[in-house]
């Protein structure tokens with residue numbers, strides 16, 4: 001088995017990410033990926049480590065995006081306060097959702113979270129503070145402890161710092177006794193109950209934590225991109241974060257990051273890909289591929305569920321173990 | 001003019017009827033979801049997309065081939081049912097031994113693909129579908145003007161729902177189906193081809209969704225996204241009603257449609273959210289759902 005300490009590996013990964021803008025990678029792109037990676041890591045805390053499939057996580061991303069946007073733009077709060085307020089509101093929303101959804105297990109849990117997030121979507125659509133169909137535009141970035149966040153590179157290191165802090169929190173949670181109980185709920189819930197654990201309370205805490213971190217991702221995203229729109233709160237975004245986690249590898253620390261990178265890069269490049277295919281095959285229909293991203297993401301969903309349930313990182317890990325095993329024995 | 005809490009009676013009855021129409025769609029879709037879940041242990045997210053496909057097939061039949069409404073009312077469910085057989089044999093059958101969530105995710109993927117295909121050809125704007133001639137116009141009942149087509153939708157849906165209920169509860173085929181839901185292995189041991197029964201259950205369930213889609217085509221705009229908005233509401237309906245009872249699904253669907261219609265009259269801002277609010281209340285009071293059994 002693997003008792004090796006993964007922390008040096010994570011440290012190397014983050015140093016590599018920190019060096020990306022110096023190598024000429026567009027910082028906004030990396031920041032966007034980091035925000036979605038955090039979103040997916042937060043989601044993974046539920047699906048990967050507790051076995052709960054939330055189909056409404058866009059609600060938390062959207063709540064925090066709107067609250068942070070409103071706090072920064074209308075109230076003029078400093079950037080860190082706005083982001084924290086957004087995350088806190090998402091956590092409060094998570095508490096409300098969790099109290100209702102945890103009353104039912106399994107597939108009902110997913111349907112309830114989806115329905116509640118749809119309800120919130122309609123509230124955002126009609127409320128005045130969200131700007132309706134237009135959303136909140138040109139949200140100012142402000143500054144943090146004297147650092148000017150309007151500089152992309154400065155903001156990049158702040159976002160990376162936020163991500164590392166959240167990643168560390170998730171890592172600690174998963175590897176704590178609390179995290180072990182969560183895993184036992186995933187593996188065998190009746191047994192966890194019979195051992196005397198108040199399973200619903202554990203699920204609720206995990207849900208609120210996951211919602212808060214998803215909110216942190218949403219608030220940070222508003223800070224980076226400067227806008228919050230209904231896209232953040234719509235149910236397809238909940239589907240997107242599921243896809244990222246599934247593609248990357250559920251129940252792995254790195255998987256959701258890899259998945260977020262793959263899906264965001266795909267979304268950015270899919271128009272070009274469609275055009276290349278159209279030129280290659282001569283079928284004009286491919287030119288419209290950029291307009292129907294959902295077609296491609298849907299296909300990836302189907303392939304992943306049927307043949308690739310462990311995701312990129314999970315499969316790579318399994319392959320690595322397989323290669324090592326004969327030598328070890 | 002008679003008033004009812006300050007609302008003119010005809011307006012109230014008109015919204016009530018519209019609520020019943022929506023409720024019919026909820027009833028037919030949640031019925032199909034419940035039957036499929038019973039046999040396959042899969043929540044069919046694609047139900048909304050296949051409903052949309054039913055509506056589109058009706059529109060395409062008239063637009064390209066000149067096939068009229070009545071023929072499509074029969075043909076569209078058959079085509080979608082056949083597609084359902086393909087989906088079940090090619091994709092779903094590999095998931096029965098896995099966690100429920102994979103079924104939901106796979107059918108979610110099917111939804112995205114189906115919607116993506118229709119979007120790439122027709123965009124997101126709606127297509128108009130004319131009400132068939134025989135059902136155009138309205139009947140004056142004295143106290144309200146009853147649009148004939150809406151009345152037909154309600155009558156047809158309720159008839160179909162009751163027929164499905166009778167099929168499942170009152171026939172020997174239905175008895176086999178119910179037995180299969182309870183204990184598939186035992187039913188198989190009695191010499192019944194359970195895999196085939198599962199395939200046909202799925203086909204029947206999605207055919208019902210397509211039937212609802214054809215009924216909806218003349219009332220709602222036929223568009224690629226018409227199914228996904230509906231399916232989320234239907235999920236809430238299923239949570240409210242519980243999936244244990246056929247009659248329960250039908251009644252919950254119709255009832256919530258009526259509640260939604262009434263909300264449109266008295267507090268229109270909440271008409272989009274009222275079903276979800278009801279769901280939250282039911283979860284607090286009766287977590288297993290109105291007709292569900294606590295496990």
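A Cβ is built for glycine as well, from the same backbone N, Cα and C atoms used for every other residue.
When Cβ-Cβ distances below 8 Å are used as the criterion, the transmembrane segment (B:12-35) is approached by residues 4, 43-44, 47-48, 51, 143-147, 150-151, 153-154, 157-158, 160-161, 164, 168, 177, 201, 204-206, 208-209, 211-212, 215-216, 219, 230-231, 233-234, 237-238, 241, 243, 246, 249-262, 264-265 of the same chain, each at least six residues removed from its ends. Positions annotated as transmembrane segment by TrEMBL: B:12-35 (among others).
If you look up TrEMBL, you'll see B:42-61 (among others) marked as transmembrane segment.
According to TrEMBL, the transmembrane segment annotation covers B:67-88 (among others). Beyond the transmembrane segment (B:67-88), the same-chain residues lying 6 or more positions past its ends with a Cβ under 8 Å from any Cβ of the stretch are 40, 46, 50, 53-54, 57-58, 61, 110, 132, 198-200, 202-211, 213-215, 218.
Remote same-chain partners of the transmembrane segment (B:100-122), defined as residues 6 or more beyond its termini with a Cβ less than 8 Å from a stretch Cβ, comprise 40-50, 52-53, 56, 87, 91-92, 223-225, 227-228, 231. Per TrEMBL, transmembrane segment is recorded for B:100-122 (among others).
Look at TrEMBL and you will find B:149-168 (among others) tagged as transmembrane segment.
As annotated by TrEMBL, transmembrane segment applies to B:200-224 (among others).
Marked as transmembrane segment by TrEMBL: B:230-258 (among others).
The feature transmembrane segment is assigned by TrEMBL to B:270-289 (among others).
Contacts between the transmembrane segment (B:42-61) and the transmembrane segment (B:270-289): absent, as fewer than 3 C-beta pairs lie under 8 angstroms at sequence separation of six or more. For the transmembrane segment (B:200-224), the list of distant contacts is 21, 24-25, 28-29, 31-33, 35-36, 38-40, 44, 46-48, 50-59, 69, 72-73, 76-85, 87-88, 92, 115, 118-119, 122-132, 149-150, 153, 156-157, 160, 164, 177: same-chain residues at least six beyond its ends, Cβ to Cβ under 8 Å. Among residues of the same chain six or more beyond the transmembrane segment (B:149-168), those with a C-beta under 8 A of the stretch's C-beta atoms are 17-18, 20-21, 24-25, 27-28, 31, 35, 131-132, 135-136, 139, 174, 177-178, 208, 211-212, 215-216, 218-219, 246-247, 250, 254.
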